[in-house]
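According to TrEMBL, the protein has these features:
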- 28-112: coiled coil (COILED)
- 117-134: compositional bias 'Polar residues' (COMPBIAS)
- 137-147: compositional bias 'Basic residues' (COMPBIAS)
- 148-159: compositional bias 'Polar residues' (COMPBIAS)
- 21-111: domain 'GDP/GTP exchange factor Sec2 N-terminal' (DOMAIN)
- 117-172: region 'Disordered' (REGION)
Amino acid sequence: IQSQSPEWREEVSSSLEIKEKEIREKGSEILREQLDAAKKELKLKDKECERLSQVRNQLEQELEELTASLFEEAHKMVREANVKQAAAEKQLKEAQGKIDVLQAEVTALKTLVLTSTPSSPNRQLHPQLQSSGTRGAYKHVGGHVRNKSASGGFPTSSGKPEPSPVSVQPKEDREIDSVLFAEFLMWKEHPSLDRSSAFLSRIYSEEIGPCLSFTRSELVQSAVESNSLTIEPVAMSALPMVKASAIECGGPNGFRAAVETKCALSGMSRLCRHRIKLGDKGSYYYISPSSRARITAVCNFFTYIRYIQQGLVRHDAEQMFWEVMRLRREMTVAKLGFYLTDQG
């Protein structure tokens, strides 16, 4: 090499410099490319970090809102529960007070009912039976007039009861009909107002049906069965505008009115001292004394069997049976046209 000429050495040296320069340029280019790639990747990482940070912030905000909402809902539910509990406790106290009052009323009612039957009603239980005093030999019992005389006869045409030569009332003998008593006992095991039972079916066909066989029998019977029929005396202000003779009759409260007009049930022209209302209807129908007696007899029967159904009658089965038979006899007498009137 030393023997080589200086030109050659210079040429080799320049060639090495050129190659070294090229190697440096290539290395620099590679490093720049790697740096650019690293920068791009770093930018992507920064964007991803920013996106994840936003997601985290959004989730934290939603979690805070959800927590606040849950706390608010929980407080609201607690407040509502407290209000409902207070209202329930108030209602419970009121209900207990009402129950105590009702129990006292039921106890008093049972005490009155146990001493009251349709034949001998308790006048405290039925204040409408109170009268200003007895009239002659008659007294009001359950809306009917009974003769105190031993003969038990009806008033004569002169309006005065016939005097009885005998002062001792005859004893009434009776004997239980085994078929009727068996039907009553079977009904009494599960008392109801369902007419499909043999007991009520017989009474409907033999007494109730004939006793209520009016022009409006179905309407009247339905009102009697549902205990929604009202009977009241005719007031002077309630007299219908008809061409009939109106009179005033003595009554428990001084004077009550009567009007001679057509009975709404029988269709006959009679002196009507009472009127009826069927259910909640506002219309009144004027009825004759005979029609009133028939309706009253049926109402008395239904009242007594309702007492039995509600467990308010504490008599034995035989006493109940004879009371039912007495009420059936009243219906039979009423449907035949017999009735008692005031002799004011």
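Including glycine, each Cβ sits where the backbone N, Cα and C put it.
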Within the predicted model, mean pLDDT of the coiled coil (28-112): 89
Residue counts (helix, strand, coil, in that order) that DSSP gives for the domain 'GDP/GTP exchange factor Sec2 N-terminal' (21-111): 91 helix, 0 strand, 0 coil
